[in-house]
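These notes are about the structure you will find just below.
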Amino acid sequence: MDIAIHHPWIRRPFFPFHSPSRLFDQFFGEHLLESDLFPTSTSLSPFYLRPPSFLRAPSWIDTGLSEMRLEKDRFSVNLDVKHFSPEELKVKVLGDVIEVHGKHEERQDEHGFISREFHRKYRIPADVDPLTITSSLSSDGVLTVNGPRKQAPGPERTIPITREEKPAVTAAPKK
């Protein structure tokens, strides 16, 4: 069976996801559906996305969601980490990169035993000081990592020139 492979750097002009702000299909450690194991047709999409990612139950839609925003005054990353406790998460700044790591060892759930682990890296914009990056975890399991953007210089202004009557350089007395 032949499966067409489309390279992500080949863009079609009317494809709606030219530069998505969200990473698609991030179901960290979620169990597979039977339909995930069968090949699918790529005739409708130039990129491969698991079809069940948009057909799953509504409660699964935001699982593993990662969203990066660059607003006027701040840079932020929101990451759905509801399957991890705060002790199982680490956020580090390495140079101009934020690294988020989550891991929990094998434990039992309603389907059997499961362990999860993920790594995410985000480049810090040049106008955000890495020393100002903070993170917080909401009660519904969304990790937010953010930092303020440096303020742009004010608008251009013309400085008036005033004329003085005395010279700036005076001659030194002759010896």
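From the backbone N, Cα and C atoms, a Cβ is placed for every residue, glycine too.
Annotated features, as they stand in Swiss-Prot:
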type    : residues              : note
MOD_RES : Met1                  : N-acetylmethionine
MOD_RES : Ser19                 : phosphoserine
MOD_RES : Ser45                 : phosphoserine
DOMAIN  : 56-164                : domain 'sHSP'
MOD_RES : Ser59                 : phosphoserine
BINDING : His83, His111, His119 : Zn(2+) 1 binding site
MOD_RES : Lys92                 : N6-acetyllysine
REGION  : 142-175               : region 'Disordered'
MOD_RES : Lys166                : N6-acetyllysine
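This view paints the features noted in Swiss-Prot onto the structure.
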| residue | record | DSSP class |
| --- | --- | --- |
| His83 | Zn(2+) 1 binding site | coil |
| Lys92 | N6-acetyllysine | strand |
| His111 | Zn(2+) 1 binding site | coil |
| His119 | Zn(2+) 1 binding site | strand |
| Lys166 | N6-acetyllysine | coil |
Mean of pLDDT values spanning the domain 'sHSP' (56-164): 87
Residue counts (helix, strand, coil, in that order) that DSSP gives for the region 'Disordered' (142-175): 0 helix, 8 strand, 26 coil
Among His83, Lys92, the one of these recorded positions whose Cβ has the fewest neighbouring Cβ atoms within 10 Å: Lys92
Fewest other C-beta atoms within 10 angstroms, as judged across His111, His119, which are the binding-site residues: His111
Spatially closest candidate among His83, His111, His119, Lys166, the listed recorded positions, to Lys92 (N6-acetyllysine) (Cα to Cα): His119
